[in-house]
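I have placed the structure first, in the form of structure tokens, so that the comments after it can refer back to it.
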Amino acid sequence: MNKFARHFLPLSLRVRFLLATAGVVLVLSLAYGIVALVGYSVSFDKTTFRLLRGESNLFYTLAKWENNKISVELPENLDMQSPTMTLIYDETGKLLWTQRNIPWLIKSIQPEWLKTNGFHEIETNVDATSTLLSEDHSAQEKLKEVREDDDDAEMTHSVAVNIYPATARMPQLTIVVVDTIPIELKRSYMVWSWFVYVLAANLLLVIPLLWIAAWWSLRPIEALAREVRELEDHHREMLNPETTRELTSLVRNLNQLLKSERERYNKYRTTLTDLTHSLKTPLAVLQSTLRSLRNEKMSVSKAEPVMLEQISRISQQIGYYLHRASMRGSGVLLSRELHPVAPLLDNLISALNKVYQRKGVNISMDISPEISFVGEQNDFVEVMGNVLDNACKYCLEFVEISARQTDDHLHIFVEDDGPGIPHSKRSLVFDRGQRADTLRPGQGVGLAVAREITEQYAGQIIASDSLLGGARMEVVFGRQHPTQKEE
């Protein structure tokens, strides 16, 4: 049973709709058909009884009672409403008169039928019916066709019993009128028989119509399924919001979910890219130190602190970026601690001197010890590390660092004697993946990360020309008042 349910119950919506609707139509059709058949049967019986009762009244009117005998004289031009066979009984059930002497018919009249007015039926065979229809050639032809199709077919004759009370001219009589044409040969009965075929044809016609209705009704769901497949194949980014009213809420929620997932994916991808870029400097220092150890230019005792410092920085950077990934987009600063700027820059300069040792970069700094940075230390190190690394990469020999501080802003200036940045590219270098010099190795990430961090401090980075002949980067950190609260 469970196996059957697993294989057959999870049907498609179209099949479910079709089966459910077909079931409803079938039940309603059968119900209406049964009601129609019962109604027709009752109406048919009433109509037949009324006609036979009319024949009975006619014979009662034409009957004469003389010398304790009854006689019936039928006019020659009398037009009977229907071919019938009439029998007249007295109150004791004795047969007084019969229109024709047909023994099997007389025996078929049950004594209990004669006790009350009523409507009955006599079941017989084709041969017996043929004796009743001896004078009706049209009915005989129809009966012949029935005999050819089924020699054992049963015929049903309607019987009406009417009791007439005694009067001055007539004793109590019971008149039995038998319809000589069986129900099976009547046109009305054939209509009844055809009703079943009409019902079956109706169902066969309804099923394809229901299929078309199901196909048309479920087209929006098919379209939605197709769009989902296109999403899986990366052929579309969002679901079409122009859909039916019932699916609008679902599509809107799915689009919101897709947007959230895409933003989260982009956030972590960006964070991973930024982390990879930030680890380049400490890894380069480790590589330079190991090279010095291999060439015996540095002793183990001197190399160990340098390597431990860079390993510690790598660990800090990983923790910092994981935390930053969870806070990205919130607009809330990680901390508002006070950090002297000069020591932080000294550590960066020391690391960069090791990275660019072969190039022989000369980095000079002119910063007052009182100048401080308010915020997360790793934010400052990340921004200035990227800006200084760019300056060292593109300078010829000299890099100069200076700073000034106002009530709410910290300005740090980094200048080099390199080729500088063309005016047309000064805004592009802060976009991810964009670089002013595409001939040198790089990813175009450092300055983009620096700008994103400074914007969190309501600051900016401004590129201009330096008096040294190269580029001048002005890094501005806002929100530098120690007592300032986040809005």
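Glycine is treated like the rest: Cβ placed from N, Cα and C.
What Swiss-Prot records for this protein:
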TOPO_DOM  1-16  topological domain 'Cytoplasmic'
TRANSMEM  17-37  transmembrane segment
TOPO_DOM  38-193  topological domain 'Periplasmic'
BINDING   Asp151, Asp152  divalent metal cation binding site
TRANSMEM  194-214  transmembrane segment
DOMAIN    215-266  domain 'HAMP'
TOPO_DOM  215-487  topological domain 'Cytoplasmic'
DOMAIN    274-481  domain 'Histidine kinase'
MOD_RES   His277  phosphohistidine
BINDING   Asn386, Gln443  Mg(2+) binding site
BINDING   386-394, 416-421, 435-447  ATP binding site
Length of the line joining the Cα atoms of Asn390 (ATP binding site) and the residue listed as 'phosphohistidine', in Å: 12
Number of helical, extended and coil residues in the domain 'HAMP' (215-266), per DSSP: 39 helix, 0 strand, 13 coil
DSSP-derived structure type at Asp152 (divalent metal cation binding site), helix or strand or else coil: coil
Distance, the residue listed as 'phosphohistidine' to Asp151 (divalent metal cation binding site) (CA atoms, angstrom): 101
Fewest other Cβ within 10 angstroms of its own Cβ, chosen from the binding-site residues Asp151, Asp152: Asp152
PLDDT averaged over every residue in the topological domain 'Cytoplasmic' (215-487): 83
Other C-beta atoms that fall within 10 angstroms of the C-beta of Asn386 (Mg(2+) binding site): 26
Helix, strand or coil at Pro419 (ATP binding site) [DSSP, three-state]: coil
Fewest other C-beta atoms within 10 angstroms, as judged across His277, Asn390, Tyr394, Pro419, which are the recorded positions: Pro419
Rounded Cα-Cα span from His277 (phosphohistidine) to Tyr394 (ATP binding site), Å: 17
The residue listed as 'phosphohistidine': nearby binding-site residues from Asp152, Asn386, Pro419, Cα cut-off 10 Å: Asn386
C-alpha spacing of Asn386 (Mg(2+) binding site) relative to Pro419 (ATP binding site), in angstrom: 18
